[in-house]
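Colleague: Copying in the features that TrEMBL gives for the protein in this structure:
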type	residues	note
COILED	215-270	coiled coil
TRANSMEM	6-33	transmembrane segment
TRANSMEM	60-81	transmembrane segment
TRANSMEM	101-118	transmembrane segment
TRANSMEM	173-195	transmembrane segment
TRANSMEM	287-306	transmembrane segment
TRANSMEM	348-378	transmembrane segment
TRANSMEM	390-410	transmembrane segment
TRANSMEM	465-489	transmembrane segment
Amino acid sequence: ESEVISTITAICALAIALITSALLPVDIFLVSFMKYPNGTYKEWAANNETRGQIEDTVLYGYYTLYSIILICVFLWIPFVYFYYEERDDNNVNKCSQVKNALKYTIGFVIVCVALLLIGLERTTIILSVLKVIIFYSYRAFVPLAAPPGQNSTQWEKVQYLFEELGSSHGLPALSFSISSLTLIGMLAVITYTAYGMSVMPLNLIKGTRSVKYERLENTEDIDDVEHQIEKLKSKCQDGRPLSSRDRNNLQELEGKLQVLRRRGRHLEIAERNCCTKVGSALRPFKILLGIFFILVALLFTIALFISNLDKALHSAGISSGFIIFGTNLTNPLNELLLALQPVFPLDYILITVITVYFVLTSMAGIRNMGIWFFWIRLYKIRPKKTRPQALLFLCMILLLIVLHTSYMIYSLAPQYVMYGSQKYLMPSPGPTSGNTTINTSRICDADAPEDQCTVTRSYLFLHKFWFFSTIYYFGNWAFIGAFLIGLVVSCCRGKKSVIEGEVEADDSDFSDDEYVH
């Protein structure tokens, strides 16, 4: 049953999330475009006021898009979801539907307001009310503060990053809300994207089972079940009633027979379908595409492992959110993006490909696993058979995954996301000619003067609170582990059916109607 409202909601919300992720390479390009390759500022960017205006423009773009995302997550999508949940079978009393949907949506709005209040820099008023509990979480929810006994020079550099925007911009409230949503997105990435990165390419490589073989196997199963049913029915030919155990077995066999007959009809349609024949002809292309995707997945995993290892070895530790300034270990993806960055469209295209890749692999993971709440399976995602509520849940998960994509790209290429291709001038340690000082250009890092390197607005959004950065760091290790486990599971599984997901015995979707022939 097609629902226009849920379809439009899903398309618009996902488009907003993709546009937000597309702002990242623009942000990086602007901070890099302010300088020449030799490390000097261009004439139009030599003024601090001009650079500040450009940075504020990008900041306002993030404000706008992130505010729209908050509206989608806490108002728009919940309202549409509960509207369908409250819908009667006869579709009457629309006013009651709207009232009940608004009633449940208010709860999400309250959560959004609470997150915004917690993120404000005036959080101390709220903290005093919550007493002991907030005492332990205070350091997690307020911007970084230097603990006693730490290297003050390093902490001053970290503090400068978090204070650069100033308290007047209201960054903490929005940053805390978005970081909270990104944290949920991290869980979705670990659950669905990590598994999808392994199952999607391996499914392309292994292909599907033969339709003719499946029909033959299904016919044999039907004959076997019919024989068992006849054997049970023969017990009551003399008028004796069946025992409760035999009645239960008979009911199960009749249900199984019904599913097998439906499966046979779907297999017959698939055998005549032109798409099945075209898919068989494109088999070599699918194998090559699968090999390419698995190589990309391995590249991402290696880059993520190197980035996390770099943080573990060279960061200030857990109390700073494992923040590092620049890269100390060679990261292949980071080097590739830095090489492509001077030619603006190339790195933009690559970031877009990475984002789309994460969306596709996430869809593959959700498609194969379904939507779960802990051990309870809520919905199935099936072609032409997905309920409106499941579509909205899928939209919400993908939106949160795309939000977390910004941090994933930072984890894959930290130097690129933080400074772009910026360089700064440093006096050469060698001899000087007369009174002239010879300067050499270096890539921006923690040792650069504060006025020589501009940090991207995206980086400041991602690292405003050290508590979230620490969780993201451990989440990356969990992502790597989930990917490796998913890779083993996908390798051990056999080929999937050509009608995978079309007919299932435990299907509870109301949209699972029979095809009309």
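Each residue, glycine too, has its Cβ placed from N, Cα and C.
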Colleague: Restricting to the same chain and to residues at least six past its boundaries, which positions have a Cβ under 8 Å from a Cβ of the transmembrane segment (60-81)?
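Modeller: Same-chain contacts beyond the ends: 5-6, 9, 12-13, 16-17, 19-20, 23, 101-102, 104-105, 108-109, 111-112, 174, 177-178, 181, 388-389, 392-393, 395-396, 399-400, 403, 457-458, 461.
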Colleague: With pairs closer than 6 in sequence left out, are the transmembrane segment (6-33) and the transmembrane segment (287-306) joined by 3 or more CB pairs under 8 Å?
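Modeller: Answer no, regions not in contact.
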Colleague: Under 8 angstroms for C-beta pairs, at least 3 of them, ignoring pairs fewer than 6 apart in sequence. Is the transmembrane segment (465-489) in contact with the transmembrane segment (173-195) by that rule?
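Modeller: Answer yes: the transmembrane segment (465-489) meets the transmembrane segment (173-195) with 3 or more Cβ pairs below 8 Å.
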Colleague: Which stretch from 6-33, 101-118, 390-410 shares the most C-beta pairs under 8 Å with the transmembrane segment (173-195)?
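Modeller: Looking only at 6-33, 101-118, 390-410, the most contacts with the transmembrane segment (173-195) come from 390-410.
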Colleague: Cβ under 8 Å, sequence separation of at least 6 from the ends of the transmembrane segment (390-410): give me the contacting residues as numbers and ranges.
Modeller: 3, 6-7, 9-10, 13-14, 16-18, 20-21, 24, 69, 72-73, 77, 80-81, 84, 178, 181-182, 184-186, 188-189, 192-193, 304, 351, 354-355, 358-359, 362-363, 366, 371, 378-381, 417-418, 458-459, 461-462, 472, 509
Colleague: Residues sitting near the transmembrane segment (6-33): Cβ under 8 Å, six or more positions beyond its termini, same chain?
Modeller: 42, 54-55, 58, 61-62, 65-66, 68-69, 72, 76-77, 80, 84, 341-342, 344, 347-348, 351-352, 355, 359, 388-389, 391-392, 394-396, 398-399, 402-403, 405-406, 409, 416-417, 419-422, 454-458
Colleague: Could you give the mean pLDDT over the coiled coil (215-270), rounded to a whole number?
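Modeller: In the predicted model, the coiled coil (215-270) has a mean pLDDT of 80.
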